[in-house]
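Student: Got a structure for you, written out below as structure tokens; questions coming shortly.
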């Protein structure tokens, strides 16, 4: 396919993180070639064997020189403290062989080195900050200074059309154009209100799906929460993206399956940290290219169908009047003289769908787990719904805005269970940057360790307790955008804050309200007691997926 030509050209290239990495990768690839020839040494003439030995010795010498230069470049800077590291691999294997969950490893390092520290993960340098003051300085006060993104792996560049998405693009004209279009085109207050009917239909299908799954279960009451919440959010975002209202659940599930493959392939791997291992992972790159083809084959028919509708609305009179794709088709990005290509449209549409699906669904699972574990919280949420809505109609998104306990509950869910343990990686815009009195290496990534802030005993009373009342009148406050001070930033902060924050939190509140209005919830007796341990997949999810028991409310739907 023509739209794959760029990616096919890139398949044999490495995306490295600094000039030293480029040089070392070339050298180590040459060593691989030399050792490939080693079995032939017994048939080599003496002179050829001498040449081989000399080349190998020279190559090793060059590697040592590069390591020395690399270390000198860093030792000339006043860097944050951190654990001693090994040549080339840095702290990578120390982390791997620690036997600890990475956040527990980071908590130990924080106790030893303080609120700003440095890790060298192979050829990647991470500056990790875990204090609200430093986070505010980096993301709010100096937001432009740390508003870019680091270099990325082959797979991530492949699925972002060479960093042509809102999240991945470098700070500059391109990023501003893409973000402005997403916010004004789909995430403005007016546009969100226009899409109320889309969400209402999706919520009705979601509740019916839970009811049907429970009825079909062996005990007549069991449902998997995350799977159902995820699919509901996915369908909403899919409809918002393409404006097609007649996609059935089976078709949506097929699209979702492809999107999950994309997410799996964009996770970190060893060759992201040690690029000279790229040849070992060549099959992974080929697999990524195959999934990209599958993604194109899946989404291009939807794009072409929307184009046909825009030319002639009679093609599908029931289609939505506007979609995110509409805003992209003729988008003019600063510094470019053409609209996005089909390949770029696929990346931008996929970003809109994937960016809001798992973060929202994960929060809903954590919320229902807390509700199932605490009957008094469930009772208060239901009483608030009845007080504001009564028993004659379904709760809608406008109602949720006027439910203080529900809003406090959602905020506490996001405090205790943010979608990820670390903010999306920031990178300095300019080569010379300082943070917390330390030099910031130009090739380093800035990571915000979120649990250290949202559970800091100096910021929160009883930080380890789950208590929505802390956010009610007279209690604790927290601006989740971070603009008024950083205490919890589940969606990031500053210039690179998640543009879908308002939409995502509204979806979480509406899903939870409809679920509590329709059903009583409790933990399945076959499941272990809820311990709220987590693991990282696309987001931070429950280590043991929540299988909940439901009982329909007597009045609901009558």
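Cβ from N, Cα, C; glycine included.
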Student: Which of these ranges is annotated transmembrane segment in TrEMBL: 3-20, 21-38?
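Tutor: In TrEMBL, the transmembrane segment feature sits at 21-38.
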Student: For residue 498 (heme binding site), what is the secondary structure state per DSSP, taken as helix, strand or coil?
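Tutor: It is coil.
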Student: Would you count the other C-beta atoms found within 10 angstroms of the C-beta of residue 498 (heme binding site) for me?
Tutor: 23
